[in-house]
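Straight from TrEMBL, the features:
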- 42-64: transmembrane segment (TRANSMEM)
- 76-95: transmembrane segment (TRANSMEM)
- 101-118: transmembrane segment (TRANSMEM)
- 139-172: transmembrane segment (TRANSMEM)
- 178-199: transmembrane segment (TRANSMEM)
- 206-226: transmembrane segment (TRANSMEM)
- 238-255: transmembrane segment (TRANSMEM)
Amino acid sequence: MLQFFLVCLTAGLAAGIGTGFAGLSAATVIAPMLIAFLGFPWYESVGIGLASDVLASALAAWIYKKHGNIDLKNGSFMLASVLAMTVAGSYFSQYMPDMEMGYLSIFMSFLMGLRFIIRPVTGQKSFFSRSTGKRKTMISVICGLCIGFYCGFMGLGGGMMMLFILTFILGYDLKTAVGTSVFVMTFTALTGAASHFYFGDISGMTAALFLCALFTLIGSVATSALSNRMKPENTNRATGVVLVILGIAMIVEQVM
């Protein structure tokens, strides 16, 4: 019971840090940890991670909005296209093998951490940053379709993909990119979680869902407030350190 509580506590707080600092999906941390330390099935673990993301992302988005760091217009266009494909991704995801997908999610979480440490996302300007509003909208919609399917299928990494699109392709500064990303992820996570719970079975996992959601919310609110006052590279590296440490712990747990 103590191990169960500690895993949910660590997973939730770490997921909250990733959400508040870098706009990552909570499932990026929660799903691999539930698989590695508690032996939960991959599909249901992703559902719990996505459900934990809903309130955390919503409050984080509200905090970023208070600081003027959200682009609601392009974010809404991306949101519509993301939601259109999230359910489709969730449907096909249920047919994937638990063990292989679990190992993949653990390894990807570790790689994301390394990416943030070695090369922080700082919101560099791109060619598309000078594009017209119509062209930006088209890019947002096309990229959103791809991100939506990936979010529904894998359940993790969608926030990082959105961050990449918004900064390196659309030329957003990091804080606006993170704010817009968590705004979109609020609804993406809700749709993805509902789909996973509909196609899957979380009976006996409600305690993990409640604890992970609670601690993710706490971590997200705290780090969102800090993020708006910190340098972008510092928030990226802080997220990276957390992901790498947890990634190593999960890999060791699987090897042992």
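Glycine is treated like the rest: Cβ placed from N, Cα and C.
By the Cβ criterion (distance under 8 Å, sequence gap of 6 or more), the transmembrane segment (76-95) is counted as touching the transmembrane segment (178-199), at least 3 such pairs being found. Counting C-beta pairs under 8 angstroms (sequence separation of 6 or more), the transmembrane segment (42-64) fails to reach the transmembrane segment (238-255), with fewer than 3 such pairs. For the transmembrane segment (178-199), same-chain residues at least 6 beyond its ends with a Cβ under 8 Å from one of its own Cβ atoms are 19, 21-23, 25-27, 43-44, 46-48, 50-51, 53-54, 57-58, 60-61, 64-65, 67, 69-72, 74-75, 78-79, 82-83, 86-87, 89-91, 93-94, 144, 148, 151-152, 155, 158-159, 162-163, 166, 172, 224, 227.
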